[in-house]
Structure formats: structure tokens, C-alpha cells
Amino acid sequence: MTNEVRVRYAPSPTGYPHLGNIRTAMFNWLFARHNGGKFIVRIEDTDRERYVEGAVESILESLNWLGLDWDEGPDKGGDYGPYYQSERLFLYRQAAERLVTEGKAYYCHCSSERLDKMREEQIARKEPPGYDRCCRDLCLGQKEGAVIRFKIPLEGQTTFIDLIRGEVTFDNAKQDDFVILKSDGFPTYHLASVVDDHAMQISHVLRAEEWLPSTPKHLMLYKALGYTPPQYAHLPMILGPDRSKLSKRHGATSTIEYKQAGYLPETMVNFLSLLGWAYDDKTELFSRKQLIEYFCLEKVSKTAAIFNYEKLDWMNGMYIRTLSAPDLASRAIPFLEKDERIAASGRLNFDYTTKVMPLIQERVKKLSELAELCWFIYSDNISYDPASLIDKKLTKDESLCALKAAFARLEALANFDAVSMEEHIRPLAAELELKPGQLFGMLRTASTGQQVAPPLFQTMEVLGRERCLGRIAMAIARLSELPS
């Protein structure tokens, strides 16, 4: 085995990648990049019954979205391909048959009916379910419906050093004679992962904690096949806020769902890195470069990580605020075009959106929130109750007088920019013996149709002279029609 660090992310396309799965990919990627090694993607598509169309594409889309580039794998190739297990079946059958020939595995002819009945009886006796080794010493040959099982050593222990958990020991007698080759000729995970990790010269296996009980099986296979095993590190579970296993009842679990909800890839990389790893007890925001520099297995926790949705939203808001206006605009447009009011306005373009984004950038936590905060800056189809133009401390006529005075002052401006507008409207409030907030509130409703909106004068500048004055004129007309 080479001294080079070679790690793999080996998802099964039996569903769309969830956050725990992608967290595993990211820790492998960070470990490879930190050590100057290789990150390999291998698609473990041997479970044909549970195979989901589109799952592979979703896996690769998730990796690409997060910027987790791979050195070998689908779309890249490499010296150790193919990188789909369904294209490597001959290797697994070869290994399984060698183990049978050497007396380390055997054909099992037990029917599914017998196995089901045996399992039911074991459960009824409150025994741990497992194969009773009926065919272990029968020297059976291959036949239709037969599987190949591995002969577990019936004595002794299997001990290994987990790079996160330290020394771990399992009693061999408590292990099952597990299936390594199914009746359809496809391998189980246990055999395929061992054969491929050896063939692809994987140096370290970083995987979810749920695979820890399988490790003795894999180490026995390595020994039986005469392979040198990689080093193992089992990553902590991710739990929901209620400390139960993270699931759909806590919220979205698919990585693509977070993309569609308007989370940034930078946020997700940062946030997922902190689910089980910490640089210190206070730093929470890391650039990709810093994560690569700081990441090490010594700082990965043994205990489960808690998924904090509030923290994710906070972090996403922080990252949104670091974006330049053009960058935010380009990311915002796919979300804004889903809003019919904005899409129909004819103003959804990059240049205009670049002007709009700074108005609301400080107020959002997700890109999906943008449209509701700015649709009225795009669309002229704004509606409101004209009575809302009347300040609560003024009469209708006093409010109308104030709006007319503001319109005249704005119409006379040489430069229709935020600074000029405020320089002329703020003193006008004093002249009218109003508080600035009273006059600003009437202008906000008149120009946007909203009681709460982005900064007033900056919004009016983006709307432009013609649209802004047109809206205020319309407000004056609507207010005039109300009874005094």
C-alpha cells in the first residue's frame, strides 16, 4: 500500500444524499486536502432492489455544489477504475470463490423461508437473530439461489485502533457468518468495500459510526484475503435538537433541499464541518482554506453532534452579508424568478438586481426570503389601503398636504439620489412641524406600498425618478378621494 493518503466517499444510490452522508464526504475531502492526498468517489450500486433513479446524479450534484472536487471517480476516471461497483462484479466473485476454495467461506443453500422462520424463533426466544451455520460444514457447491457466507473464526477477539475512538475490541463468536456474495451474483457491502478499498489502495476509511460493528467483519476479510487493512475512523452521529437521530421530522435532510431553500454552499461546508469537529471552543466561521489547514482527526469528537437549525440560519445570514452585490445578484436571480410578481415585471436582470440586493442584504437569512422583501421594487402592481397613508397623529388633510409638499420637493431635485433626497426631505419634516419618521412613513407607503420596507431613500433611488414620483402622485390621488 502506498504511503499517500487516499480516502474514498462511497455512497449507495438507494436514495438522495442526506446531510450525514455528505458530512462524511466532507470530512474525507478535508482529510485528503489537509494531507495532500487523493479524494476518490466510488458509487456502491450493488443493491439493485433499492436502487433509485437519479440518485447518482443527485450525489454528484451535491458534491459539485459544495465544491468537494474529487481526484478519481465518475466523470474523472483514474488508475483504479471503474468507479461503479456494478462494473466490478468479476472482482468480487473472484475473491468470494477464492475464499471458498481456501475453506474460508462456504456456499449456503438455506431458503429464505427457512431463514425467516429461524429468525422468528430466535426473536421469540429473545435471542439475537443470526444465522445458525447450518451449511458451514456441509461442503456444498454452487446452485441456483445459493449465497456465499464467510466463515467467522469461532474463537478469539478482533481488536483494532480507531483513529477517533482508540482501541476497540469485538468477540469473534458474537459475529454472524455473514453473506459476502448474494444469489444474484452481486456482493454485499462487506465484501465489495474490502475488495475495492484494497484494489484502490485506500489508506484511511472515514465513515459513519453506524459501520463500527461491521469493522471486525471487514478486518477478518482483509486477513482472509491476505490484504493489509486501511486505518479506520468512525465519525460521530448527527442528532436532531431533541437528541434523537436526525430525520425528516426535524426538517430537511437532503442536501439538495438546503440548496433549494436558499442556503449557500459556503455556509453548508462551514456548518457541516462543525458537526463533530471543532478547532477551538469559540471560533465558528471558517473559510474553506482555513478548514483545510486546521482539520485533523484528533479534534473530531467521539460524542454525537447536535444539528442546530437556528445556528445554521444565523451562519447563512452572516455569509450572505459577506457577498458582493454582483455575487449576491447572480445567486438571487434563480430564486427571484420563481416569484410571479417579479418575473412579470420585466425588470429581473443582473444589473437591476445588483442595485436591489444591497437594500435587503442585511435582512435575510436565506436566499428564498429575498423575493418577499423586494418584489415591490420590481413590480409596479402594488396595492394598499389608501387610509394607511394617513399618519396616526395627523388628519387626512394634513397627511395629504405633507405628501404634496414632499412630491414638490422631490420633483425639483437635480439629482435623484438617496443623499440628495434625505438632505431635502428631512428639513421639510421640520418645516411641516412633523417628526422625520412621520413623513418618511407616508413616503414609504406611497413609494412601496409597504409599512415595513428597505431603507427609504436608497429604495427610492433604485426605483428611479419617474417610477417613484409616479407612485407618490398615485398615492396623492388615492388619498384625495377619501372623505375628510
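From the backbone N, Cα and C atoms, a Cβ is placed for every residue, glycine too.
Per Swiss-Prot, the features are:
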BINDING   Cys108, Cys110, Cys135, Asp137  Zn(2+) binding site
BINDING   Lys248  ATP binding site
MOTIF     11-21  motif ''HIGH' region'
MOTIF     245-249  motif ''KMSKS' region'
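Feature map: annotations from Swiss-Prot on the structure.
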{"residue": "Cys108", "record": "Zn(2+) binding site", "CB count, 10 Å": "21"}
{"residue": "Cys110", "record": "Zn(2+) binding site", "CB count, 10 Å": "16"}
{"residue": "Cys135", "record": "Zn(2+) binding site", "CB count, 10 Å": "18"}
{"residue": "Asp137", "record": "Zn(2+) binding site", "CB count, 10 Å": "9"}
With DSSP assignments reduced to helix, strand and coil, which class does Cys108 (Zn(2+) binding site) get?
strand
I want the residues beyond Cys108, Cys110, Cys135, Asp137 whose C-beta is within 8 angstroms of the mean position of the Zn(2+) site's C-beta atoms, in chain order.
Tyr106, Tyr107, His109, Arg133, Cys134, Arg136, Leu138, Leu140, Arg149
The motif ''HIGH' region' (11-21), counted residue by residue under DSSP: helix, strand, coil:
3 helix, 1 strand, 7 coil
Which whole number is the mean pLDDT over the motif ''KMSKS' region' (245-249)?
72
